[in-house]
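The domain 'VanZ-like' feature in TrEMBL is assigned to 12-92. Residues or ranges marked as transmembrane segment in TrEMBL: 12-30, 42-61, 73-93.
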Amino acid sequence: MPNIPKFYGSDKVIHFGMFAGMAILWSRVIREKVDIKYKNSIKLFTNYLVLWIFIAILTEYLQRLVPGRSFDYFDIITNIVGVIIGTGIFIYLNKRGSVLV
C-alpha cells in the first residue's frame, strides 16, 4: 500500500470522492437500464437520492459495530454532500450530452 500523506480532513475528501463517484456510476446504470420519460425520471432520481442518503447514513452507523472504527456525524454529512453533488454532476453532463457519462 502506498504511503499517502494525511492532512486534517483527508478522510472527508475520501468519503466525498467515494460517494460522489458511486453516485455518478449508479446514475449511469439507472439511465442505461431504465427506459423512462423525463417526468418519471425526476421521481426515479429522487427515490435514488433518498436510497443513497440512507446508505450514506447506514454505512457510517454500522461502523459503530466494527472494532477499531468510529461513528462520525461529519462523515455522514460528507457522504450525503458527495451523493448530491455526484448526482448533480451526472445530470449536468448528461444534459450537455457529454461522453463522460
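Think of each number as a place in line: the chain as shown, counted from 1.
For all residues, glycine too, the Cβ spot is worked out from N, Cα and C.
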### Query
Within the domain 'VanZ-like' (12-92), how many residues are helix, strand or coil going by DSSP?
70 helix, 0 strand, 11 coil
#### Entry: Within the predicted model, mean pLDDT of the domain 'VanZ-like' (12-92)
86
